[in-house]
Amino acid sequence: MPSLALKSSQCRWWASAALAWFSVQLPLRSVSSLIFLSFSQSKQLHTNPPLSNHTSSHPTLTDYINFINYNCSYVSKKNCIGSYINTFFSSSFNPVSFNSSLSAFKSSTKVFVRNHFTHTCSRNLKFDMAPIAPSDREILPANIKPIRYDLTLEPDFETFKFNGSLNLHLFVIEPSNSITLNSLEIDILSATLSDNKSFSNEKPSSIEFNEKLQQVSFKFNKTFKKDSSLILSIKFIGLLNDKMAGFYRSSYIKDGKTKYLATTQMEPTDCRRAFPCFDEPALKSIFDITLIADKNLTCLSNMDVKSESVLPNDSSKKSVSFNSTPLMSTYLVAFIVGDLKYVECNDYKTPVRVYATPGLEHQGEFSCKLAAKTLDFFGKAFDIEYSLPHMNMVAIHDFSAGAMENWGLVTYRSVDLLFDEKTSSLTRKQRVAEVVQHELAHQWFGNLVTMDWWEGLWLNEGFATWMSWYSANQFYPSWNVWSEYVTDNLQSALIQDGLRSSHPVEVPVKRADEINQIFDAISYSKGSSLLKMISRWLGEDIFIKGVSNYLKKHKFSNTQTSDLWEALSDASGKNVVGVMDVWTKKVGFPVITVTEDGNKIHLKQNRYLTTGDVKPEEDQTIFPVFVGLRTKNGIDESIILNQRETTIEIDDPSFFKINADHAGIYRTVYTPERWVKLGQAGQSGLLPVEDRAGLIADAGALATSGYSSTTNLLNLVSSWKDEKEYIVWGEMLGQIGSIKAAWLFESESIKDSLKAFTRSLVSKKCKSLGWTFTDDEPFLEQRLKSTLFSSAISSEDKDVQNAALEMFNKFVKGDSNAIHPNLRPSVFRAVADLGGVEGYDQLLNIYKTATSLDEKITALSTLGLFKEPELIKRTLGYALDGSVVKPQDIYIPLRGLRAHKEGTIALFNWLKEKWDKIYALLPPGLSMLGSVVEICLSSYTTETSKSEIEEFFKDKDTAGYNKGIEKSLDRIQSVRSWISRDGKAIEEWLSENGFNK
């Protein structure tokens, strides 16, 4: 058969034509011939699947089928093309089953061809290798494909380096004489190449490094033949760094001494720091990992242990080899060496363990049991069992994110995995539960099925976020998580997506330094909100069925967003592709303006921006909007606004609301008269919790952007001061807090008036409910008490402040039970508000000595709330002192500082003064620099701050953190416009309602 040359413009067309050709016209034996030709010399490739028993030197059909299923991983092993081809061509072929087998064969062939050719095209692969990938995307050459990594590593805790050796099994896709890998901060000691046939131990003619692209190229004097197999052997030394990236060291104090463990963080592009590799998500491979370490230390990796032995030449060390991984991406590779203890749960079919440094392991009990339950739940929900032989979760003392979903070896920031029932708050419990369930959802979404490139990150993070809420709703129904979703996840999405600096859910990513910046509220929160929206449209059962089909069809493979939409379309019979493509490929969301004429309701959509200054060219997208019309007769889910504007009629216009339960991703503007009626409806019971909380959120956002007056928000909140639900109270107080934050640099009198308004809302209810807790008290009741207590403290209710200070004095005198964990942040806040060196030092001592992680973090965050100049200076000094504050926690005291004017000014000056040191500590390739920049800038909202910030960064290379700057500038512009527009109206409202002093 002639070679198939696929040009860029022909690629997807050819794949589509091939589907019809294979499925309808091509005789079955021709199909097998085509497969033989396409995968010639397959025995030279990875043959971990057992070869069939044959005497011929030529591989049998079964060998080719095993190769397709195991190495290419483009089809499901349970529904694989190989099983059907074997049915036709084995000696036991039964003509009676021909028709049913033919149908199944066609279906499976369609899956194979679509995935093989479209995936090949998307990866810049081809049969004559015509390039089709975006020319500006920085990816590896497509001449070589990895098959297997045989990797051995030995960390050295004295030199903070590690020795490595790698045998990299490769398959040649096109003739070439070079092999290019990703590599960063790796010293190559030696390299040789073999093909186990015509040559061995061939040394490269040159080894060239490209620091900018983070690549190393090995060039040889001979050309590799197409479809041949190679083994590249590399010996190298790497840096066991302290940047929380790649293979790095984490430190902790034990018995007064500093101890270390070695751990990994590969996502998104830091596996190249651990060993030279094909560091792209679509280049999946098998990994055989061996660790060499002190025989008394624990060695962990993705898979279970295959063998362990003492080194023959050094009895103090051991070699631990692990079983082969499934096909997986490099960013999921993990290994750990350290002194670790564990707790175990055997409630699931495979053992589940939580590891921690000695003395902390018992705090893993909650997470361990939850993990076993979660794995079982996800496996049943999607009809796919968890794939690996164990689940190990490890608490790490230095960790840049919250957690990392490494397949079979999930790593966590300690505070997000460990939980002490006696000393931790309900908020911490909820956080730990959310993170654990999120990471375990990744074992299916991301690990089993992986996006083919980083622009599909939302497929990983959006799914895992939605699944964590989905499972939490099953396990903890009293938490009412889907109501809290409206004020949490949905608002996070809308707040960021309302900025001009936002980006589409599917965002083009060209370079490695861009990837970290899309681990944000768009990928996580908007992605999951889209899934929430579509699950409501399709029905949750159908949605889950479609997702199950998607996972089964693509397991051990890579996908694009369109694969998900197709699976959901097939399961539901609805045009999911047509509806959802707009939502994922276009930036932003609409604001729906509602006007009324009798029983006619007119709806019009336009682009929403927080700054309120949408330009015509920014308002071109028409979103398919699920109207969700709530009336006294129920909810009409059938209305979809898929044009600029429309008019609908209702029977009774006395009560209606758009976006029932706030399942849609948009804001709604009503007339002033309708806002009054909706406020009354909220009081009379016509609106559920989700709608009441969502109305408050919309009113706040519309005030910020100028679509309605802030007085509308203040009237709505004031009318609902008898509200009983925590979720609604949380949003009301949050919106008042947003006004306070925006007015940070305005007159003290208006800030005092806002505090007085807040006291009028919360003081009476706070004292009525009290601030004691019982074990059998409902979850949301406890959260409400905590929220009201916190707001009373921040608004300076003297009675509540005194009660808090009394608790604190008892606590520092030795009464460990004097402060309930739910009240700890508020009590510590009262100490900071009182000010003074004594209180600061007491909190600093709590941070340094507390055994409760929750208590330590709360104390550290409170240090930033002190306003005295000398204490602000101390806090900023500690932020860059690794002996006091770990780099992973640098943002915690900084967040406290931006809560007040004095701290915000100091933050910006500190950022300018210490920029070089901050930049060195948190290089732009890591995500934390952007977060720190945003924290230091986003609350600095003076009239001159925008120009000051632009001046400071104008000569700097902002690659890797530019989004943090852009978001901060958007916020500053929004705040200045808001104050200019509504400042006088707010002051008058506060005065008219008696809140001016």
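Quick reminder: no glycine exception, Cβ is built from N, Cα and C everywhere.
TrEMBL labels come from automatic prediction, so no person has curated them.
Feature annotation from TrEMBL assigns domain 'Aminopeptidase N-like N-terminal' to 145-332. Per-residue pLDDT, averaged across the domain 'Aminopeptidase N-like N-terminal' (145-332), gives 97.
What TrEMBL lists as domain 'Peptidase M1 membrane alanine aminopeptidase' is 367-583.
Annotated Zn(2+) binding site per TrEMBL: His438, His442, Glu461, in sequence order.
The local packing around Glu439 (active site, proton acceptor), expressed as other Cβ atoms within 10 Å of its Cβ over all shown chains, amounts to 25. As annotated by TrEMBL, active site, proton acceptor applies to Glu439.
The number of other CB atoms found within 10 A of the CB of Tyr524 (site 'Transition state stabilizer'), across every protein chain shown, is 24. Residues annotated as site 'Transition state stabilizer' in TrEMBL: Tyr524.
Counting other CB atoms no more than 10 Å from each candidate's CB, the binding-site residues His438, His442 peak at His438. Residues Glu405, Glu439, Ala441, Phe445, Gly446, Asn460, Phe463, Ala464, Thr465, Met467, Ser468, Tyr524 surround the recorded Zn(2+) site, their Cβ atoms falling within 8 Å of the Cβ centroid of His438, His442, Glu461, which are themselves excluded.
With a 10 A radius on its CB, Glu461 (Zn(2+) binding site) counts 25 other CB atoms from all the protein chains. Rounded to a whole value, the Cα-Cα separation of His438 (Zn(2+) binding site) and Tyr524 (site 'Transition state stabilizer') is 11 Å. Checking Cα-Cα distances from Tyr524 (site 'Transition state stabilizer') against the recorded positions (Glu439, His442, Glu461) with a 10 Å cut-off leaves Glu461, in sequence order. Cα spacing between Glu439 (active site, proton acceptor) and Glu461 (Zn(2+) binding site): 9 Å, rounded to the nearest whole number.
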